[in-house]
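Notes follow the structure.
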Amino acid sequence: MGRVVVEVMPKPEILDPQGKAVAGALPRLGFGGFTGVRQGKRFELEVDGEVTPEVLEEAARAAEVLLSNPVIEDVVRVAPVEADAATTTLAGGSA
Amino acid sequence: MGRVVVEVMPKPEILDPQGKAVAGALPRLGFGGFTGVRQGKRFELEVDGEVTPEVLEEAARAAEVLLSNPVIEDVVRVAPVEADAATTTLAGGSA
Amino acid sequence: MAQPTSTDAPGSPSSSRSSGGSGTPVTGLDTVARAGATPDVAQPWRELGLREEEYGRIREILGRRPTSAELAMYSVMWSEHCSYKSSKVHLRQFGEKTTEAMREHLMVGIGENAGVVDVGDGWAVTFKVESHNHPSFVEPHQGAATGVGGIVRDILAMGARPVAVMDQLRFGAVDHPDTARVVHGVVAGVGGYGNCLGLPNVGGEVVFDTVYQGNPLVNALAVGVMRHEDLHLANATGAGNKVVLFGARTGGDGIGGVSVLASETFDATGPAKRPSVQVGDPFAEKVLIECCLELFGAGLVEGIQDLGGAGLSCATSELASAGDGGMHVELDTVLLRDPSLSCEEILMSESQERMMAVVRPEHLDRFLEVVRRWDVETSVVGEVTGTGRLVITWRGEVVVDVPPRTVAHDGPVYERPYARPSWQDALQADTAAALPRPTSGEELRATLLRLVASPNLADKGWVTDQYDRYVLGNTALATPDDAGVVRVDEATGLGVAVSTDANGRYGYLDPYAGAQLALAEAYRNVATVGARPLAVTDCLNFGSPEDPDVMWQLQQAVTGLADACQVLGVPVTGGNVSLYNSTADVPIHPTPVVGVLGVLDDVARRTPSGWRAPGQALYLLGA
Amino acid sequence: MARVGVVTFPGSLDDGDAARAVRLAGGEPVRLWHGDADLRGVDAVVLPGGFSYGDYLRCGAIARFAPVMEPLVDAARGGLPVLGICNGFQVLCEAHLLPGALVRNDHRTFRCTDQRLRVENAGTAWTHEYETGEEVVVPLKNGEGGYLADERTLDELEAEGRVVLRYVVPDGGRNPNGSARDIAGVTNAAGTVVGLMPHPEHAVEAGFGPDPRTGTAGTDGLRLFSSALRRLVA
Ligand SMILES: Nc1ncnc2c1ncn2[C@@H]1O[C@H](COP(=O)(O)OP(=O)(O)O)[C@@H](O)[C@H]1O
């Protein structure tokens, strides 16, 4: 069983009320170091077999057709979850 | 200017109506290869300087305290955006 | 998506949990045969919230020790939340004090999913208020959302189309650091679910008081409408009829939530008794509503039962208990979201947006056609039998074999001790007469400003603006009026008015009079919009029944309400009891939320509140 | 009598109300099912409000691919009058029959209110019974009603008179959802396809619409439906 991650962010010029609200809340909770926040979506798509280049291709098309709206969003990432897992462990250490 | 990405997913045992709706739509659009979908959130946090280990540490804490709801969500990733950019280009080729 | 469940709350029976995934027969499966052969196995009845004598009674009923699946079922169904074991002896008054005359408009009284009232012209209305207090503290948004979802399914199960909702909310101090989390989560949850279901929110209450700090109250009321002939009672009759489970798949949601969380003193700091939270899917419920109404309309179901607290344990045992025979269920046919669930967990799961129907075999194909049209997942899980027993199999083995009434209806009943609290006299003697009064214009002004600024008197628009009050196009009155009014019949204008009220501080001062005042206020609110009050529903929010002070409050409130109903000539048609609302042994104020339903021949003639036009005269009526 | 289709998607909520509005305006409502690629020969179509597919991904994103949308998109391009209300507006944008997109309200909460609107273009198939500049009060209820498009598109819309309705914003105030240039509704170039966030179908019967205390008879929405009907019959 493999997994593909697809990530979508609001276009930089588009108002992001949720990101703005988070940005406003952070300093109040003592997190003073962040100057801006944007909030997007992360999808995990599961496939039965391995994540082949064809699977990635299909995920990238699904990302363009359904998972994002090009008027307001950009697809910023389509990748196997493995690549991700490594990063998680890396950063997880600091959590 | 540096950026940290924080990613949050619904816990595996928790119902994810959003992912379910997407999973139901994909085959109707001809994307038959996916057996399950989960939908989470991707935050990009901006900092003025570089993404130091301290910044990552702070982002990880913000992820636990504000960006996720530990009752129903897991923080799956806290990482500098650089690591990400590479992956995007990689997969972007297939888009 | 196949994910191993991580439910390890002590509430979930783990004695027979498979260690090696699904597919192969579970080595430790606790079958009825095995239970008969191994009487001395230690069982976690205490962790499941059962008392020693209750466990003993189960053994007596079965003539052997229960299997772990049976133990799960009995424990959840005999919990305070499902069995009303502490309140039953007092609730009887509602029935006993209902006279023949009061029954005039009553089609279905206490005991069913919701009461049903005849409102004339062949129309019937069903309504009920229910609590979702504890889950809403743990996860305010989802707790409140699933509270709305649950009460709407109750209404739907009667055969009615849900047409409106209301919400009764109590929060802690407005300036306490945790209040914002709870308030905004709850309001977003009530709104998110109700708005997405397409049900107008036509009223409710918002009160802030420190007694609710660690124990907010989230009550929700739903109203449904049907033609007389559409009334359905949920029971499993007719041997050979199919038992069908449809709606969302069964997952690991809220396992143990009802038996453990809702029946024991709630302790936010304790690591143990936190259930996995249930997440609501209002879209799935909207589809389920339309699907069920089409099934009812086409005459394809004998009865439908909603799955709420206690999930399949409750639905199977209640359907079978209310029927005339027995039921056989094959648990392997239940569609799962998480294939690693054990049979006990499947029986306990509180996954939302599920219904169980009894279908004649000759209707099954058409039934399946309708559910397919709505994209609702469905499986036939069993059938009605003539054995008088509820038999459940799993992996080919019998894991449950019980007389259904003993699970669903003949649970334990307690005569809990109660006594007027020693502090009651002092409390009542400490009257407002002792409070300082404003003596100058300046002080009067300050007092007035303080009142106007108090969160309990302030405008509730910040809440009600988040609720859709227009959807369905039949709302004749909603916020800020005294009662919600919805049209039932577009041709004639026939409609109903509903109002709910409760004042915990009155209840604390005098629970008997407090309950009566709640009824009187709701009754007046319904009357002032121009409706004839017909029926009552109530949600009794109290502290721990093991505290004789609280038990006295409950006994007094029920008696007061039943007596007042008799005086006003309106019957209690149903409701809900929520106990163990206390934090660190301090109970909330007795908060009996009382809802009154009235009828208007033509909603066009309803009377809104407020000044309408210059020059109108003001009259003060009453004492 | 003109026949007006009202589409029901899974999760549509105001479909019955839209059908009632068509009927009160003198037309014959025809219910259309999302799963049938068939418009049943109707003279116009209303895409009603609601939460199609729960609005979980983006509002209208999944409904846009429903079988009924195939003939609908073709017919709309061919001149069939189509009105999208709230979720219907979102579906029309996702289907690219109208420009722009609707995003989460800038205050991030669902808001239900009696909203004052100004009719900016009384020349469309759905607004010709109003006067340009006329103000009306109609319920507004949404969580994701912020209308956005890039600056060039917005300039174009204004230059071509394709802004149909605007929120009336009190001096110093803000519109109810953060919409660009206070836009509440837009039309295609032909003036046949109109999308709007407010709910005219909830302002067609006195006593069941906006509170009279807002200074309206509560029936300001009716002319949207009668506009289309009259033009079709004429
Ligand atoms: N939680 C709520 N949900 C829906 N409506 C509410 C809620 N709270 C208050 N309301 C409505 O707001 C209006 C004003 O409430 P309130 O100030 O408590 O009025 P009153 O004192 O007349 O009961 C009433 O119409 C009431 O039904």
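Keep in mind that glycine also has a Cβ here, set from the backbone N, Cα and C atoms.
Going by TrEMBL, these are the annotated features:
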type	residues	note
ACT_SITE	D:CYS86	active site, nucleophile
ACT_SITE	D:HIS199	active site
ACT_SITE	D:GLU201	active site
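Around D:HIS199 (active site), taking its Cβ as the centre, 29 other Cβ atoms fall within 10 Å, counting all chains.
The separation of the residue listed as 'active site, nucleophile' from D:GLU201 (active site), Cα to Cα, is 11 Å. All protein chains included, the residue listed as 'active site, nucleophile' registers 28 other Cβ atoms within 10 Å of its own Cβ. When the Cα atoms are compared, D:HIS199 (active site) and the residue listed as 'active site, nucleophile' turn out to be 7 Å apart. Mapped onto three states, the DSSP output places D:CYS86 (active site, nucleophile) in coil. Secondary structure from DSSP puts D:HIS199 (active site) in coil.
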